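Below you'll find the structure, written out as structure tokens, and then a few comments.
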Amino acid sequence: DKSISEEKENVQHTEDIDTLAPMPTKRRKGFPWYWKGEPFVNNTQKVYDLRMIEDSNHKDIKKDINPEWMAEHPMMLMVKHNRIKLLQHPLTNNWLKYTWWHFTWIIFAFLLSLHIVDAVLLTLYMDNSWSWVQFDKNDSETLIRKKCNGTSPHLNIFGCPKVNKVVYGFLWISVFLCASTEVLGMYKLRHKYLESSFVMNLVNIILTVILLSPFPSFGMDYAILKDFQFISGIFAVLLAWLLLMTTLNRYYSKIFDSTESKIFNHT
């Protein structure tokens, strides 16, 4: 089996790199914080050679649209065959820290910011909206406009504020960015991307589009929503905050672990 033979070679390589060697003089291209050659000790710090996984770095991920790089990656082989010791090896930890601080944190920061903005904007929009239940069914468009402007002598509400056009516009931008990230994830990872967070994000996008669709035309001007729109907005707000908490719960340990490691290495 090809994967088993590759795994054995990787195991042998990770065992060999525990031996120390004199510090080479030439810096290896691609990883500025370690040098070409075997591991060495410099100021009581051991540095590992990452040639074992250098061929499957983030540059390959950007170029390749197929998910084969995931199946053949040494890290995936360790997980597949339940090699706990290899996953806990300093080489693996150093590679994970490198990938996190080199480019993964940028993706995480973008997704986290997107979820925060989406949740806040949806909350503001719903807080500034009204449901048709708060109006009489026989009210005409003219009477509704008078009630919203506070000019009707028979008000049954205190008046409904106009929609913040900035919030409305940014919500559409947020929907477009969320949909783009989901499409890109599906395009890159195929069926491996189908998980609970993807389903939640897809439902949230659909509910937000329903919420932002004006029915009728003056509904957008005065933030008056149909019953199904108002219900969709409520669920969209709940899903947006749930997605934000899921994102934080998934990545907060990586932030603290990586920060602690970075501080320790600098000290």
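FYI, residue positions are counted from 1 along the chain as it appears here.
Even glycines carry a Cβ here, placed using N, Cα and C.
Per TrEMBL, compositional bias 'Basic and acidic residues' is recorded for 1-16.
Marked as region 'Disordered' by TrEMBL: 1-23.
Among the features that TrEMBL reports, transmembrane segment is placed at 103-126 (among others).
Long-range contacts of the transmembrane segment (166-186) within the same chain: residues 111, 114, 117-118, 121-122, 124-125, 128, 193-194, 198, 201-202, 204-205, 208-209, 212, 220, each at least 6 residues beyond the stretch ends and with a Cβ under 8 Å from a Cβ of the stretch. TrEMBL lists 166-186 (among others) with the feature transmembrane segment.
Taking Cβ pairs closer than 8 Å, the transmembrane segment (198-216) reaches residues 118, 122, 125-126, 141, 168, 171-172, 174-175, 178-179, 182, 185-186, 225-226, 228-229, 232-233, 235-236, 239-240, 242-243, 246 in its own chain, all 6 or more past its ends. According to TrEMBL, the feature transmembrane segment maps to 198-216 (among others).
Residues or ranges marked as transmembrane segment in TrEMBL: 228-248 (among others). Panel annotation: around the transmembrane segment (228-248), residues 111-112, 115-116, 118-119, 122-123, 125-126, 129, 131, 133, 197, 200-201, 203-204, 207-208, 210-211, 213, 215 of the same chain, lying at least six beyond its termini, place a Cβ under 8 Å from a Cβ of the stretch.
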